[in-house]
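Scroll down for the structure; my scribbles are underneath it.
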Amino acid sequence: MEPSGAKHAAPDGLVIVDKPAGFTSHDVVAKMRGMARTRRVGHAGTLDPMATGVLVLGIERATKLLGHLALTEKEYVGTIRLGQTTVTDDAEGEITASKAAHGIAREDIDAGIAGLSGAIMQIPSKVSAIKIDGKRSYSRVRDGEDVEIPARPVTVASFVLHSAHETEAADGTPVTDLLVSVECSSGTYIRALARDLGEGLGVGGHLTALRRTRVGPYKLDRARTLEQLQAAVNGGAGAEGGEGTGLPVMPIGDAAAAAFVRWDVTQAQARLLANGVRIAMPLFDGTDGSDDAEGAGTGGRVGGPVAVFGPDGTFLALVENQGGKAKSLAVFV
């Protein structure tokens, strides 16, 4: 417990962090707990230690948004090395095979990328946090088990090759480094794309660099480094909220409006929702929405959660349409 004289309020909202290489996502959460002076901090979508870029953190009540934000679309830029495979499918793992990978035709690379685009079935990397019979896959691999993870559906909306550069690996293997960008659904492993692209080209491949540039509507240009965040806390200058701290926090209502379809309700509807009543809900189909219900909005992902706002602009709840009625996913009043 805090001393009785301690006076501060941990901010409610999101902090968009530019995660540095070498940090786990949990490391960043731990840092934020110290800055925000609360244990109630979580993140939406894990980044591997090697990766950098957008990591969305929720503080206090905003943690209730995180599970839904984690399901949104993500964007990355990265480097794939053709010619070597590793146990982890990225540069963190031991090299398991090498094969000369100079002179690969651009059209062959393009064809391989096309085959890994769209709705695909992907086998996640074995060294991952996926649970198999209650135990993390990476733990089973480290214990010497031969792990088999079933393929699962993911969507790669965009997989673009920007450049290809022939070079040599540290062990002298002729390799080709590809600079790529990927836009994909939640649950997609970029290092698995690297592995599968290299395998399809017959030379093997792994991911050597990865930077996440977007999670849902939250982009890298809104992200702050840990050093910038700590400096803001030390200076006490809060940019977007965070009373009592200098954290540049995105208020919870703004965060919800940016990520989800918005539904503005009347005072009577707001009272019913607050009392747990499943009120009639319009069908948000990506059109104007004005014919469906008074105040219906159209942002976010059609068919996903809907953010409900009261007549005074207060963010009330996150709901989903269940049989034409609003089922509460998280309530904020």
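Cβ from N, Cα, C; glycine included.
For 34-190, the entry in TrEMBL reads domain 'Pseudouridine synthase II N-terminal'.
Long-range Cβ neighbours of Asp48 (active site, nucleophile) (same chain, at least 6 residues apart, Cβ-Cβ under 8 Å): Asp90, Glu92, Arg191, Leu210. Under the heading active site, nucleophile, TrEMBL lists Asp48.
Sequence annotations record features per position, and here TrEMBL assigns domain 'tRNA pseudouridylate synthase B C-terminal' to 191-233. Mapped onto DSSP helix, strand and coil, the domain 'tRNA pseudouridylate synthase B C-terminal' (191-233) counts 21 helix, 14 strand, 8 coil.
Summarising the annotation, TrEMBL assigns domain 'tRNA pseudouridine synthase II TruB subfamily 2 C-terminal' to 303-332. Tertiary proximity for the domain 'tRNA pseudouridine synthase II TruB subfamily 2 C-terminal' (303-332) is limited to same-chain residues at least six positions away from its ends with a CB under 8 Å from its CB atoms, namely 61, 64-65, 68, 71, 252-253, 256-257, 259-267, 270, 273-274, 276, 278-281, 283-284.
Residue counts for the domain 'tRNA pseudouridine synthase II TruB subfamily 2 C-terminal' (303-332) under DSSP (helix as H, G, I; strand as E, B; rest coil) come to 0 helix, 19 strand, 11 coil.
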